[in-house]
Ligand SMILES: C[S@@+](CC[C@H](N)C(=O)[O-])C[C@H]1O[C@@H](n2cnc3c(N)ncnc32)[C@H](O)[C@@H]1O
């Protein structure tokens, strides 16, 4: 476990100290930071809250039974990562709308490197996510009205659905299940959509979504954003064929966080409601397919290993929807990411599943892409 403490002030050298296995090391960084509130940054490791998390035995047993059968050995190595928050890595998504050049330089000098490194790809040119080989976590920046945050912390595998969506400038995009807004933000790093419609059903998460967008997106771009607080299952009926691309980042078992569920009642409720998730996921996916124009793309993603919430949802929707086809992710996208992400061998082989392992703790993240066939 490596933790990092780094404090910087305006116009002085940046002093950083790391803790690796309990021993303190100092690093002096010569990067000068410009004057101004927006370029000040401090980085501090919060080890306490992660150390205190307790694994929920009931959820673990439930997952053991299901995933031993579905994933075998892969579950055993993924489980080792999920049960140890001290080894979790975090990606740092830089906000292209803010002044982040100094932070990028500091992070690179601390051993961060770019997740995506195909200089000829237009998406890769604007989407910058830095990762570290060790489990380093920067402190999240606070929301300050009128100031744009410089980075967003995320599980780097969350970028896979956004890359699969491959949004181009001017396109109309729907993010059907959007809060807290990480993927919407990543979409805006890759292109300038003509419209990005973000929807979230839960009222408090909808408020959180608004705050995220306010914290990262400049005022002049907000005209291209639409926000709604609706049930995503209704949107296919009200906004039929209105979008070029739709992302369904579906509500799911969220394996990583569910393992740390607390309170017997919450656990019981989650495990009971888990059985209903595939139905909700299918309905959301069908709504997305109605909202996308013929020829448009729908990307479905979850952060669970569960076959019932991943391939089975895709199988059923593909077999019951007319004019819809599977659209494999580009070979070069998967190849370029396979150094960073471990992909599972899926049965049935529908979509892609990133599974965490030591040193590459990204995932779980399932992604599958569909296309509505163009009308003839
Ligand atoms: C996996 S999270 C989305 C994460 C988000 N895309 C991001 O990257 O920050 C799934 C979200 O779907 C929302 N949700 C659940 N049921 C929904 C529904 N029927 N319609 C729309 N959103 C729904 C949940 O409240 C939750 O915020």
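Cβ atoms are placed via backbone N, Cα and C, with glycine included.
These numbers come from a predicted model, not from an experiment.
In TrEMBL this protein carries:
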| type | residues | note |
| --- | --- | --- |
| DOMAIN | 82-373 | domain 'SAM-dependent MTase RsmB/NOP-type' |
| BINDING | 177, 178, 179, 180, 181, 182, 183, 200, 231, 249 | S-adenosyl-L-methionine binding site |
| ACT_SITE | 303 | active site, nucleophile |
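Location within the structure of each feature annotated in TrEMBL.
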{"residue": "177", "record": "S-adenosyl-L-methionine binding site", "CB count, 10 Å": "22"}
{"residue": "179", "record": "S-adenosyl-L-methionine binding site", "CB count, 10 Å": "24"}
{"residue": "181", "record": "S-adenosyl-L-methionine binding site", "CB count, 10 Å": "26"}
{"residue": "183", "record": "S-adenosyl-L-methionine binding site", "CB count, 10 Å": "23"}
{"residue": "231", "record": "S-adenosyl-L-methionine binding site", "CB count, 10 Å": "13"}
{"residue": "303", "record": "active site, nucleophile", "CB count, 10 Å": "22"}
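In this structure the C-alpha atoms belonging to residue 179 (S-adenosyl-L-methionine binding site) and residue 303 (active site, nucleophile) are separated by 14 Å. Residue 303 (active site, nucleophile) and residue 177 (S-adenosyl-L-methionine binding site) have their C-alpha atoms 13 Å apart, to the nearest angstrom. Per-residue pLDDT, averaged over the domain 'SAM-dependent MTase RsmB/NOP-type' (82-373), rounds to 95. Taken residue by residue with DSSP, residue 183 (S-adenosyl-L-methionine binding site) is part of a helix.
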